[in-house]
Amino acid sequence: MTNNLSGYRNKIVRVKTAKKRPISSSNWLRRQLNDPYVAKARLEGFRSRAAYKLLEIHDKFRLFTPNMKIVDLGAAPGGWSQVASKLIKASDNNLNNKIISIDLLKIEPIVGVEFLQKDFFEKDTEELIIHGLDGKADLVMSDMASNTIGHKATDHIRTLLLCEQAFEFALKVLKPSCHFIAKIFRGGAETALLNKVKREFRTVKHFKPVSSRSESTEIYLVALNKK
């Protein structure tokens, strides 16, 4: 995987603020139109720029191998599930090589991916995931984030709570010596969660992919080898 973006950087596109469009929406649209990773994802067939973040995480930590069972939390629009499907060489008829993806929003089919259009926090979701796995998972990955409101402390806490829920779920479904990755936003309140994770995994790292926007406080928690 390369982060060479030559050929994907376009002239700056300027967006006029429509009378009924909030300034924040115009800023988001401008950022999307001028983001080389958005252009690269479109040309290379990935559903989101987040695919490159997972590719970078894999390049650094070598998480994916054939014959894995993976849970993808907050999967829409499917960029991470796409990457995982390619890296484990998933197929629809190999039950030992599968991905269970969950999101409230629908995603289009991906080879080797069983999609549950569910709220992760509903009582029966966990049971459905475990049934779909038909055993324990080799990797739980979460790119879940709360809807941001522009208040960094609030956004930090909300996404941290999602990460904590994903971590508690991972402890239930992961095999020993297997892995957990999740998005968090830096903000100071993550220390308690990190200490919990360190008690349950042999190696815990922070990683900020190059493809993560420089102005974003997001980083990825990479927890390796569950005890």
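Glycine residues also receive a Cβ, built from the backbone N, Cα and C atoms like all the rest.
Positions annotated as active site, proton acceptor by Swiss-Prot: Lys183. Feature annotation from Swiss-Prot assigns S-adenosyl-L-methionine binding site to Gly78, Trp80, Asp103, Asp119, Asp143.
This view paints the features noted in Swiss-Prot onto the structure.
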residue	record	Cβ neighbours (10 Å)
Gly78	S-adenosyl-L-methionine binding site	25
Trp80	S-adenosyl-L-methionine binding site	29
Asp103	S-adenosyl-L-methionine binding site	22
Asp119	S-adenosyl-L-methionine binding site	12
Asp143	S-adenosyl-L-methionine binding site	23
Lys183	active site, proton acceptor	22
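Annotated pair Asp103 (S-adenosyl-L-methionine binding site) and Lys183 (active site, proton acceptor), C-alpha to C-alpha distance, rounded: 15 Å. The binding residues for S-adenosyl-L-methionine are recorded as Gly78, Trp80, Asp103, Asp119, Asp143; their greatest pairwise CA distance is 18 Å. DSSP assigns Asp143 (S-adenosyl-L-methionine binding site) to coil, not to a helix or a strand. Taking Cα separation as the measure, the residue listed as 'active site, proton acceptor' is nearest to Asp143 of the binding-site residues Gly78, Trp80, Asp119, Asp143. Secondary structure at Gly78 (S-adenosyl-L-methionine binding site), as computed by DSSP, is coil.
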